[in-house]
Amino acid sequence: MNELPKMSERNENNDNLSSSSSDSDDAEESDDRQGTSLKDKFENLTSRSSENSALSYLMSMLRIKPAQEFVESERLTYEMVIEKIKKNEIKNVITVVGAGISTAAGIPDFRSPGSGLYDNLQKYNLPYPQAIFELDYFVKHPEPFFHLAKELLPEKLKPTKAHYFIKLLQDKGILLRHYTQNIDNLERIAGISEEKLIEAHGTFYTSHCLNCNKSYKLDWLKDAISTSDIPKCVDCKELVKPDIIFFGEALPMKFFKSLNSDFRKCDLLIVMGSSLIVEPFASIITRTERNCPRIVINKHAVGGKHGLRFDQEGTRDFFLEGTCDDGCQKLAEELGWNSDLEELIKSAE
Ligand SMILES: [Zn+2]
């Protein structure tokens, strides 16, 4: 089997950040490592949809803003940001997340020998790994994809502390929007509302018949997969495909529609568990206003090429090194929300 396509822009060590990566087991680390997660793979594949001309046009709308001069008096400290949240001065938080918020939920790894999904897909004789997410291949050979879908069925997975922290932001009334690259449905299970949720790479939550476009809910899909391997439309008997973004497909319109108005209003950006490599998703973080504080929770510092600065030059960017769950726990403690978060998690069990 061939290697997965490499992301040419990927090199965090050139990012001129105060903290460079030394983690070798980071789920967001990329394809040259053993243990690339399914999410990474999916992100890599969907990123290649930039070759699609409609998407190229939309990507051009995502250009990085020109650098702006900072005024010293505008310099923020991390403590100031925490205080602002406590004093209800922050009202429009945007969260931007990737695979890292779901690894603690046990999202299956793609390439671990033996246990990884990749090994389990060998029996399907894929011409190359990414074929599993290509529409042409899927139409002819849907079996491998639905094998994968079974592994990702949400009842097998529980949201993480990080998911519940985002739900808590919603409950506190300060979550403006949650942008996710993940297709695991865990945001919905955690209770993040449809209105707040932008599933940039699609979702298993709904499916559509590829022939008559009849819409199906997740429960139907789960039943169909468990009783027969291949879900077929009840009306026309043709193939039904979950609404996740396949190779070459454009990102959902909801993603592009929300961007402009959301990021103008944003008064705190929290980035979690993403290497910020996959475009056009990663560049959305550049759209905040120049004084908007940005907190990154990740195992290694990211976002350098998108202008995030965690060193002395930075005026508003803060890096919490570690897992997403640990970072959210820290934030919850500092905000005095610890018991709220615990209650929320308990009530979901
Ligand atoms: Zn149909």
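Numbering starts at 1 and runs along the chain as it is shown here.
Even glycines carry a Cβ here, placed using N, Cα and C.
Because TrEMBL annotations are produced automatically, they should be read as predictions rather than curated entries.
The compositional bias 'Basic and acidic residues' annotation in TrEMBL covers 1-13, 32-43. If you look up TrEMBL, you'll see 1-45 marked as region 'Disordered'. Residues annotated as domain 'Deacetylase sirtuin-type' in TrEMBL: 71-338. The active site, proton acceptor feature in TrEMBL is assigned to HIS201. What TrEMBL lists as Zn(2+) binding site is CYS209, CYS212, CYS233, CYS236.
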CB contacts for the residue listed as 'active site, proton acceptor' [other CB atoms within 10 A, all chains]:
25
Go through CYS233, CYS236, the listed binding-site residues, and name the one with the sparsest Cβ surroundings, counting other Cβ atoms within 10 Å.
CYS236
Taking the center of the Cβ atoms of CYS209, CYS212, CYS233, CYS236 at the recorded Zn(2+) site, which other residues in this chain have a Cβ no more than 8 Å from that point?
LEU210, ASN211, ASN213, LYS214, VAL234, ASP235, LYS237, GLU238, VAL240
